[in-house]
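Undergrad: Quick one: structure below, then a few questions.
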Amino acid sequence: MVEDMKGKIRVFCRIRPLNKSEEARGSQFVVGCPDEYSVTVGCARGLKEFQFDRIFNSTSSQEEIFEDTSRLIQSAVDGYNVCIFAYGQTGSGKTFTMIGDKELKSPGVMPRAFNRIFHIVEENKTKFDFKVSVYMLELYNERLLDLFVNPNEAFSKKIEIKKDKKGLVFVQGAETKEAASAEMLFALFKQGCMNRHIAPTKMNVESSRSHLIIGVTIESTNLTNGSVTYGKLSLVDLAGSERAAKTGAKDEQLKEANSINKSLSALSDVIFALSTGQSFIPYRNNKLTQLMQDSLGGNAKTLMFVNISPADYNAEETVISLT
């Protein structure tokens, strides 16, 4: 009930600290948060202010970020569809928010969510029998690729987005693997990450050129009456949104950038249509929104992290992301 009262779609904004290249450039901090719901950006056209459900400043920890998120994991186990995703320009801290640092000294939303799922499973094992399974895909240049198979094989494999009788989206042709523990789920996740498309851009040395989509399905059988519920947690690390001129993208990378921007714009159209209560939601405009359809509308619960850089050098992109 508490989660329902908070609304179907929540948007959190996270401001990262200045990074080394911004400090080396002598960048100034132009982002402020007057309170926990407002963020301001000083740009060429004056001071702009935006309101969100929650603002996390540059000193917020990964624990704080996950605190409000963890209750949504409970909703997924309870049979709801939940979608958590990170949006923002390249280098704004999306992957850090969603996955964490390389050594996982500061794990992000995904590893914490895996732990939380199995913590809830453990707590309820006398009342329910649980089955947790996962698929892992990337959307690259408008093609869906299965990250659980060898990259060469993935390109020749046909994957289709379908809906079952209950309206649940499933991915025909993609490998789904069962996980019996958080460690196993994380090992599968690491295996999938090794097959992902990454290319350097001027904005970021390890820039993700694709959207990463993880679908964790939780099937629970009530041991008293035998009833079965299905919940799905979609965890999405979106590719960076930015102008090609800023990143120095050429040829193949330019094609990638155009494809990324097209899918992000389709996603923002869907979010806008849902949040303004429109009767028609344009899910079919892109594979990304088709894939996330059952986790965005209806009874689903959506949490979006808008990640921003605080530097004057990125002020324009920051304003675009927040808008």
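Cβ atoms are placed via backbone N, Cα and C, with glycine included.
Pasting the relevant annotations from TrEMBL:
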BINDING   GLY88, GLN89, THR90, GLY91, SER92, GLY93, LYS94, THR95  ATP binding site
DOMAIN    8-323  domain 'Kinesin motor'
Undergrad: Between the binding-site residues GLN89, THR90, SER92, THR95, whose Cβ has more other Cβ atoms within 10 Å than any of the rest?
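TA: The most densely surrounded of these binding-site residues is SER92.
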Undergrad: Here are some binding-site residues: GLY88, GLY93. Which one has the most Cβ atoms within 10 Å of its Cβ?
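TA: When each Cβ's neighbours within 10 Å are tallied, GLY88 tops the list.
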Undergrad: Neighbour count first, Cβ atoms within 10 Å, every protein chain included; then name which of GLY91, LYS94 tops the list of binding-site residues.
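TA: Buried the deepest by this measure is LYS94.
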